[in-house]
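See structure below.
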Amino acid sequence: MTADEKMMRRAIELARTAAGWTNPNPLVGAVIVKDGRVIGEGCHERYGDLHAERNALASCTESPQGATMYVTLEPCSHTGKQPPCADALVEAGIARVVVGSRDPNPLVSGRGIARLRAAGIQVEEDFLRQECDGINPVFFHFITTKTPYVVAKWAMTADGKIATATRDARWVSCEASRADTHELRHRLAGIMVGVNTVLADDPMLNARRGVPSNQPLRIVCDSSLRIPLDSALVRSATEVPVLVACACNIDQGERLDKAIRLRAAGVDVVSLPGADGKVDLAALMAHLGESGVDSVLVEGGGTLHANMFKSGLVDEVVVYLAPKVCGGTSAPTPVGGAGAALMADALQLGKPQVDIVGDDVRLTYRLNRGI
C-alpha cells in the first residue's frame, strides 16, 4: 500500500463515522499531510455543519501551507449552508489535493477542481475512486434522480422463510443482526412497511441507535387507510414523523373522517392511487424525493417487497440469513407475488458482499438500475 493509498483510506474511514447524520449531504472525509506527517483530519459530521475540508483545516497542528490534502469527494465551489471549501484550500496554501470521487451535484461537478487548478494547486482526480464512490450510493442516486435510494431488507431462515406457517417471526435473526438493523435504520432517512405489518406487530419503526431529533421518517403503505388510530405509530406521530400513503378517496365519507383524525394526531396522509387500486409506489418515491427524503429502508412482507421489485424501485438488498430451517409449505417467503415464470426471468442481483453478524450471515447486493 502506497502512502497516498493509506491516507485516502484513512479519509474514507473518517467519512464513514458520520453515517446517518449528514443526509441528504454526502459522507466526506479529509486528511492533511505535510512532510510525511498527518497534521490534520476531519469529516463532515452533521448536515449543515462544517464540511470535511474545513474541519480538517481547523484541526491542523501546524500551518497547512504547502501540504497535501486527501479528500474523498471533490471540494465544493458554491455557497450553501457553508462557504466554498475550494476557496478555503486556496486560502490555506494547500499545495496538492488528491480527490477520490467526482461530485455529481451540478452546482459542483468539475468546478471545485477547476477552482483549485486555477489557483495553481496540483490536483489528482479519481484516486481510489471506486472505494470513495462506494461510501455514497445514497447521495449519488438522490442527486441525479431526485428520488430515494431504496434498500429492501429482510431476515430469513436457511430455507428461505421469514416466519413460520403460523406467522411467528420472533426471532428469525440473532440479537447482533437485529442491532445491525437498527444501525441500518439510523443511516437511512425513511423506513417503510405495509399496513399488514402494522396490524400484526404494532411496531414503532424507530432507530434505537439514533436520538429523537435523528429518527427516520416512518412510512406506511396502506391502500384502504386501515391503520388503527391507537397504533404505536399514530400515538407517537408528534414525536417522530409518520407518513401514510393510501390509494383511496380521502375527500369524502368515512375515509375523510379517518384522514382528518390521523392528521389531527400528527400523521401526514397522502392519496397516491395506482391503476391497480393499490398505492402507486413510483409516485410515492417521487413524493418522498420532493420532500427531501434521500433514502428508504423497506422492511415489508412478501407483498410489499414484490411490488417494489416489480416497480423497479429497489437499489440495494440486505439479507440476514439465519442458521435455521423451519419448513412449511405455507410459511411466508421474503418476496411474494406471482414471481418469475422461468428462472431466466429471475432478477439477477450480482455478486454479494458477505459479512458475518453474530450467528447470521449478512448478504448485501447492489442493483444496477441503469441510473
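Backbone N, Cα and C define each Cβ position, glycine as well.
According to TrEMBL, H51, C76 bind Zn(2+); the candidate from C60, C85, C132 that the record adds to this site is C85.
Summary of the site annotation: TrEMBL records substrate binding at R185, L205, R208. Screening the candidates E91, E290, E299 against this entry identifies E299 as the one listed for that site.
Listed in sequence order, V28, H44, P75, C76, Q82, C85 are the same-chain residues six or more apart from H51 (Zn(2+) binding site) with CB atoms under 8 A from its CB. When the Cα of R185 (substrate binding site) is compared against those of the binding-site residues A155, W171, D201, S223, the shortest separation belongs to A155.
Ranked by CA distance from D201 (NADP(+) binding site), the recorded positions E53, R208, E299 have E299 at the top as the closest. It is D201, among the recorded positions E53, D201, E299, whose Cβ has the fewest other Cβ atoms within 10 Å in the structure shown. Rounded to a whole value, the Cα-Cα separation of E53 (active site, proton donor) and T197 (NADP(+) binding site) is 43 Å.
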